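Q: Below you will find the structure I want to go over with you.
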Amino acid sequence: MVKICCIGAGYVGGPTMAVIALKCPAIEVAVVDISVPRIAAWNSDQLPIYEPGLDEIVKQCRGKNLFFSTAVEKHVAEADIIFVSVNTPTKTRGLGAGKAADLTYWESAARMIADVSKSDKIVVEKSTVPVKTAEAIEKILAHNSKGIKYQILSNPEFLAEGTAIEDLFKPDRVLIGGRETPDGQKAIQALKAVYANWVPEDRIITTNLWSAELSKLAANAFLAQRISSVNAMSALCEATGANISEVSHAVGKDTRIGPKFLNASVGFGGSCFQKDILNLVYICECNGLPEVADYWKQVIKVNDYQKSRFVNRVVSSMFNTVSGKKIAILGFAFKKDTGDTRETAAIDVCNGLLGDKAHLSIYDLQVTEEQIRRDLSMKKFDWDHPIHLQPMSPAAAKEVSVAWDAYEAAKGAHGICILTEWDEFKTLDYKKIYDSMQKPAFLFDGRNVVDAGKLREIGFIVYSIGKPLDSWLKDMPAVA
Ligand code: UDX
Ligand code: UDX
Ligand code: ADP
């Protein structure tokens, strides 16, 4: 029986291993983590991450061929294939602060593998890492090898949160990079055989190590770039009276461009896009390619611009002040169908409004109050100027409340901001909400989920990203 061990029971490791266990009954999969509460949660009825379809799979496989454990060393020692799926945050200090990936967790995992291994291993990079990390890991393993042979593979994960299970069941492609030596090719084939249990062969791409590593950064950079492109257009649409949905539709019909990932928004978030682009920027700078670095930096700059543009629009529409006004925030997660808030646009928008002394009442279907408070009081790292910005003051903390439903959040509010595209927000009783609000009642739709026409009939003043502006908003131009 092939044994797989995955180090890191997070958003990537957990779902990926659950699906491998489900699709490969002949493989024993152990997911290990140093975090005791995280493993306890994976072994409970309340999984540590929310992902549609995940609960059923874990229930079906756990205790059979899927195990969650803190016995990291034991499972690593026993495994034939070790996936490393530990976190790789952006460095917050020292060389490359604000841009380079922090490989501390990776390095310690690699040293531990070298310490405890007694048989040959295939070590698979699952978390996104800078190009040439595999080489560094290879060096650590080789210099501590005690005669054991290691093969390093890069097998980046392309799943998106909220659709992780779907993405894992039917991936557009599985990418496996390895050394171009006979042993390297053998390792590639071994990993390919695992995926071949459910992924059609023509969707499994094999490359050299560096191509696989770079492809992951490139794919995320391209995706983020599409959103910044459409968001930049949304600003121009508002200025000219064009409609971003119509523009996106028309542009996306070109088969060379394609219709997906062209939704204007209040800004992209998530653990990957910004981190991976910053990492790409850093690699370009280190390789003497400042023009290329600047090109990709612009994708993040436009994203930051989109968030501050939204805040400016809210404030300027409401007579240039939100001081002391209650504003309902609908949605805090970085996208729908997840409870994840990493790099969510909501953090910057909320902090922007708090900076103008608004009172916020926040409602999200999946994010806990504890998480919201933690996010809003965290020091923000400015990627462009590596200094720590001030966290939310205790006074500002008092201006935040967390509501249990959208109606409670909106009651008595002057305005509503929709920041996550949860389906629920499409079908709320907006008449009831309108009646409970201060007048004039504003709604700022950062995700284009509501029917603005209907809401205007009710009496709302509506702002929709990239759509022709109400006369009210035209009379109150936002200062960019
Ligand atoms: C992304 C990649 O899609 C995935 O392939 C990679 O493995 C990890 O990073 P994820 O961050 O989970 O996945 O979610 P994604 O669906 O890509 O959304 C990222 C952000 O972009 C979200 O904030 C989302 O709301 C935003 N977005 C997405 C838009 O604003 N408009 C769009 O059209 C699409
Ligand atoms: C373009 C648009 O494709 C077309 O829809 C529009 O109506 C007019 O402008 P055209 O300029 O005739 O058409 O040719 P196109 O095939 O788009 O190529 C433009 C340039 O891009 C060429 O120099 C081509 O060599 C280059 N190109 C194209 C690349 O360098 N790489 C590619 O992958 C594709
Ligand atoms: P991702 O989104 O990439 O999956 P997460 O932060 O959700 O990232 O998960 C990474 C996990 O890796 C965390 O649960 C963390 O505790 C775990 N981890 C980090 N370093 C180690 C290590 N050396 N050994 C075991 N687990 C680790």
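Along the chain as shown, the residues are counted starting at 1.
The backbone N, Cα and C atoms fix where each Cβ goes, and this holds for glycine too.
Look at TrEMBL and you will find CYS272 tagged as active site, nucleophile. Taken from TrEMBL, the feature NAD(+) binding site covers 8-13, ASP33, ARG38, 86-90, 127-128, GLU161, 272-275, ARG342. Per TrEMBL, the feature domain 'UDP-glucose/GDP-mannose dehydrogenase C-terminal' maps to 328-452.
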Q: In the predicted model, what is the mean pLDDT computed over the domain 'UDP-glucose/GDP-mannose dehydrogenase C-terminal' (328-452)?
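A: For the domain 'UDP-glucose/GDP-mannose dehydrogenase C-terminal' (328-452), the model's average pLDDT rounds to 91.
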Q: Is any of GLY8, TYR11, ASP33, THR90, GLU161, CYS272 (recorded positions) within Cβ reach of ligand 3, i.e. under 6 A, and which?
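A: Checked recorded positions vs ligand 3; flagged GLY8, TYR11, ASP33.
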Q: Could you list the residues of the same chain, at least six apart in sequence, whose Cβ is under 8 A from the Cβ of ASP33 (NAD(+) binding site)?
A: ILE7, GLY8, ALA9, GLY10, GLY13, ILE39, PHE68, THR70, VAL72
Q: For the C-alpha pair, I'd like the distance in angstrom between THR90 (NAD(+) binding site) and the residue listed as 'active site, nucleophile', rounded off.
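A: Here the two Cα atoms lie 10 Å apart.
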Q: Roughly how many angstrom lie between the C-alpha atoms of TYR11 (NAD(+) binding site) and the residue listed as 'active site, nucleophile'?
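A: With the alpha carbons as reference points, the distance is 11 Å.
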Q: Among ASP33, THR90, CYS272, the recorded positions in the record, which have a C-beta under 6 A from ligand 1?
A: CYS272
Q: Just give the helix, strand and coil counts over the domain 'UDP-glucose/GDP-mannose dehydrogenase C-terminal' (328-452), going by DSSP.
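A: Once the DSSP states are binned, the domain 'UDP-glucose/GDP-mannose dehydrogenase C-terminal' (328-452) shows 42 helix, 21 strand, 62 coil.
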Q: Residues with Cβ closer than 8 Å to the Cβ of CYS272 (active site, nucleophile), same chain and 6+ apart in sequence?
A: THR128, ASN220
Q: I want to check the contact list for ASN87 (NAD(+) binding site): same chain, sequence separation of six or more, C-beta distance under 8 angstroms. What comes out?
A: GLY8, GLY10, TYR105, SER127
Q: If we count other C-beta atoms within 10 Å, could you say which of the binding-site residues TYR11, THR90 has the fewest?
A: THR90
Q: For GLU161 (NAD(+) binding site), which DSSP three-state class applies?
A: coil
Q: Just to confirm: which same-chain residues, 6+ apart in sequence, have a Cβ under 8 Å from the Cβ of GLU161 (NAD(+) binding site)?
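A: Result: TYR11, GLU51, GLY270, PHE334, LYS335, ASP337, THR338, ASP340.
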